[in-house]
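Each remark here refers to the structure printed beneath this line.
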Amino acid sequence: MTDASTADAPITDADRILAGLDEQQRQAATTLGGPVAILAGAGTGKTRAITHRIAYAVATGEQAEHASLALTFTSRAAGEMRTRLARLGAGRVQARTFHAAALAQLSHFWPRITGSHMPKLLPQKAATVADAAAQLRLRLPTAQLRDAAGEIEWRKSQAMTMEDYGVLARVRPMPTGIAPEAMIDLHMAYERVKDERRQIDFEDVLLATAGMIEREPVVADEVRSRYRHFTVDEYQDVSPMQQRVLAAWLGERRDICVVGDPSQTIYSFAGADAASMNRFIHEHPDAEVVRLERSYRSTSAIVGCANRLMRGRDALTLTAASGEPGREPSLSVHANDSAEAAAVAAACRAQVDAGTDPGRIAVLTRFHAQSGLIEQALASVGLSSTVRGAARFFEIPVVKRAVLMLRSAPADHRPVFQSVTDIVMGLGYRAEAPATHGEERAQWDALHALVTLAEEAGGTDLPGFARELQRRAQTEHEPTVAAVTIATIHAAKGLEWQHVHVVGLAEGLLPVSHATTLAEIDEERRLLYVAITRAERTLSLTFAHSSGHAVRQPSRFLAELAPPQGARAGRSAGGRAGAGTGGGAAAR
């Protein structure tokens, strides 16, 4: 076992920081200053390249560590970036989400500029939208309230005034069952309710931060003297409102590096635009452009499948770093949704029986509603599953109780594993997994994940372990549960599994029925691209002829995925995927 002090010792020598990078990553890491655009394909070691770039810039004196800000979209990604930067000797670099960085600045400047306390932050919109709807005497079921909240978020992320939205709403598809005039009224009522309660939402945080920097020279000077070097991860997902904040932070300076992949733009409903990377390059004609196209995640067969889907488009062309061909993705066709779910479950069972950890298998869907049949089918073959996005690990009730008990438990001199095991046994945990499935098994899986973390904690004491759990909760660094993951493609972005099963490749599902314009169909194509590139070793694609109510046609995208002549995709009733061979981890 490697000594912890040696393993965690930061790397400070500039040349050593570049060690282990491939040629493309090294080019990204050594292209300093700005503007710089790094086009990074799926699995190409993007995070590795940009953290090494920041660390190399700090080590060579090109960047001041305390004046560098790295921006990303999830707390988990920001936490991972901070950890990597610390190991590379750049631990003082700030890595935050857009909202976290803006909120910190707004909290600091609001009292100084306004002379009052900052309004309270609204944790989520749906409840306030419901209150606004009630004021208007609109009776909206939960699904429509959620859609209406999404529409409000879209309008605000676009930095769109109510006047402009009022024009657009009359031609833009509205959430089901809500007339354009009612939707406009709901937007205004939502803002009114917020103001009456002295609350702001996350979009208001961005708007207010940009506004203060734009209007207050003192604020602008202080913010711009604090941060001088910017790195923006997942730039293709930046909304117009976030772009406005970024422009306010930058001012007239040019030390910015944007990183992204237009082919993975799948959040247009939140304001993202697939053209943003190309627009950045067009607006900065002197920008240095670096391309990362060597995939360390997927086999050649899977990479080839992804490339065929994007053929003829302005997209990166991936190559598999391992050179191993692997098995061609399989396509299986089934009579109905139940048969499809049963076949996928059987394939997952076979993969587990062959030695794969269930946590390294995923079933990806277009919609959350598709997960129910998959859950049932997996349970019928004795496999636990976890639905990503259903509830965050640290928000699961039994986990919250366990963490509370761990935090309040007195310190003792026993190994932390023994202390944690004793505590969770008080919540019903036993060493052997229950034979049943459903809620009882889900609770056992969650508690077992805590026990596994304690086993891995080594010499940490109980208070230290409790602090580590708190840190993980804050950074969304959730432990791996030994269960097959079921996730929508949107929820799967940024993740990877050895074996991936993509279900529901039918017209009306993928592409979704309401995707009618070329731009909307392109977004559906990018969704499938993201799904394909989650797979390391094997990929199976499935299609069901009937939903029980109507006959379906296969997705138009399937015809484009056929392998070149001489290589045949596997077709099986159960959609079984072969073993394949995965790429290395050198670029992660």
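Along the chain as shown, residues are numbered 1 onward.
Each Cβ is built from the backbone N, Cα and C atoms, and glycine gets one as well.
Caution: TrEMBL annotation is automatic and unverified by curators.
Note that this is a predicted model, so its numbers are computed, not measured.
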Candidate ranges 277-300, 565-588 [criterion: TrEMBL lists as region 'Disordered'] | 565-588
The number of other Cβ atoms within 10 Å of the Cβ of Lys46 (ATP binding site), counted over all protein chains shown, is 24
Average the pLDDT scores across the domain 'UvrD-like helicase ATP-binding' (19-299) and report the rounded value.
-> 91
Check each residue in the chain of Ala40 (ATP binding site) that is at least six apart in sequence and keep those whose C-beta is under 8 Å from its C-beta; list them in sequence order.
-> Ala28, Lys46, Ala49, Val259, Gly260, Asp261, Arg291, Leu292
By a 10 Å Cβ neighbour count, the lowest-scoring of the binding-site residues Thr44, Thr47 is Thr47
